[in-house]
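K.L.:
One structure is given below, represented as structure tokens, and several questions about it will come after.
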Amino acid sequence: MERERILNTEGGHQKGKVPARNLLSDEISRDLKRRGFKYMGSITVYSHLQACGIINDHRENCFRYHDILENYPVVRKREKV
């Protein structure tokens, strides 16, 4: 099943200021902690979202950035969770 990837376009991102977390990772982290998970902070969750391809944090000059834009559905701005 194909899902949309979140293209990270936060201000300054392309200037090397890659965020360590976002609203989605904050919400997932809170939910996991409520369910009894430990050591699942927002930064850990954000890293997992990057690793499994849900968040595209590639810089514009990276070949993967354009490959993802051309071949997968992308959301440029995400609504608050």
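Backbone N, Cα and C atoms are what each Cβ position is placed from, and that goes for glycine too.
Annotations per TrEMBL:
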- HIS58, CYS62: Zn(2+) binding site (BINDING)
K.L.:
I want to check the contact list for HIS58 (Zn(2+) binding site): same chain, sequence separation of six or more, C-beta distance under 8 angstroms. What comes out?
P.N.:
ARG64, TYR65, ILE68
K.L.:
Non-local Cβ contacts of CYS62 (Zn(2+) binding site) (under 8 Å, 6 or more apart, same chain)?
P.N.:
none
